[in-house]
Amino acid sequence: MSSAPPGPAAPRLCCMEKGPDGYGFHLHGEKGKPGQYIRLVEAGSPAERSGLRAGDRLLEVDGTNVERESHQQVVERIRAAAGAVRLLVVQPQPEEQPPKTHSDPDGEAQREPPAAETPAAERSGPEERELRPRLCRIKKGPNGYGFNLHSEKSRPGQYVRAVDPDSPAEAAGLRAQDRIVEVNGTSVEGKQHADVVAAIKAGGDETKLLVVGVLADEFFKKCRVVPSEAHLAGPLPEPMANGDVEKENGGEPRLNSVSERPPSPALATSPEGSETHSEPDTQEGDKRSSAPSSLLDLDIPLAVAKERAHQKRTSKRAPQMDWSKKNELFSNL
């Protein structure tokens, strides 16, 4: 005699108090489908200790049914709880389980969280997501990876200039204007164009790129922090406001300014000797550093002062570019 199929699982009430890093779970909603699901429960978190499990479907928040509420409404309910929350959940039947892979309208890789996913209700959804770096794993196709890498004179770094439609790069979530931070786990901050291209090619038929979009790039620069894989899902840094005082390596405090940047060479060249980009800010740095000495020469004749200024400007001027090598600034990969 065959046994009857098991009935639906009983709902469970999970009571948790917010810890220093939040509740410790990720809430996930499918576009066009009702219901909110627990996608991930962090080890050792208040959520794990309360009995919350990945895959649970959320029924109630503090006694209020949320099965028909939108993702953002549920997130706001959890955030409104004063340091503690009670979640009524149920482990769904196998046919109810949400798919484990996702894609969004931007064509981002399955490794990216979907637009309706919020870590422990601590974030504000899409806005916070745009501030995070993205990890794009790309397998080379018949026509290569399908993106164009370039550098600019006006700003340091290597940027994605274009992504071919239906290419491996597009499928992996790479976007135009992305800045390359790491190639195959190695930082390329401050590297020259040719070095970054070589690092990508060294990966053979597959490469792993950590990138930041325009908003994320601006955010991390304000925070004065180099993005890393730790920022894919971990806590984000806090931006530093102008006038904040910071101590470095136990030394004297210094005044932070958003416009300050690490020192960089005025002209970066590839091994072949072609120009990749120049950094105008270093000229400003030269002016600042030379200011004290110029104050000592106030009594020199005006004609001599003009001649010295002209010599300084011409000495800092970058050599003219060999336009026959311009293609080395733009590399199709």
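The backbone N, Cα and C atoms fix where each Cβ goes, and this holds for glycine too.
The model shown is predicted, which means the values in this text are computed figures rather than measured ones.
Database features (Swiss-Prot):
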- 13-93: domain 'PDZ 1' (DOMAIN)
- 90-164: region 'Disordered' (REGION)
- 97-111: compositional bias 'Basic and acidic residues' (COMPBIAS)
- 112-122: compositional bias 'Low complexity' (COMPBIAS)
- 124-133: compositional bias 'Basic and acidic residues' (COMPBIAS)
- 135-215: domain 'PDZ 2' (DOMAIN)
- 232-333: region 'Disordered' (REGION)
- 274-289: compositional bias 'Basic and acidic residues' (COMPBIAS)
- 323-333: compositional bias 'Basic and acidic residues' (COMPBIAS)
Integer average pLDDT (0 to 100) for the domain 'PDZ 2' (135-215):
91
Count up the helix, strand and coil residues in the domain 'PDZ 1' (13-93) according to DSSP, in that order.
14 helix, 32 strand, 35 coil
Which numbers of helix, strand and coil residues does DSSP report for the domain 'PDZ 2' (135-215)?
15 helix, 32 strand, 34 coil
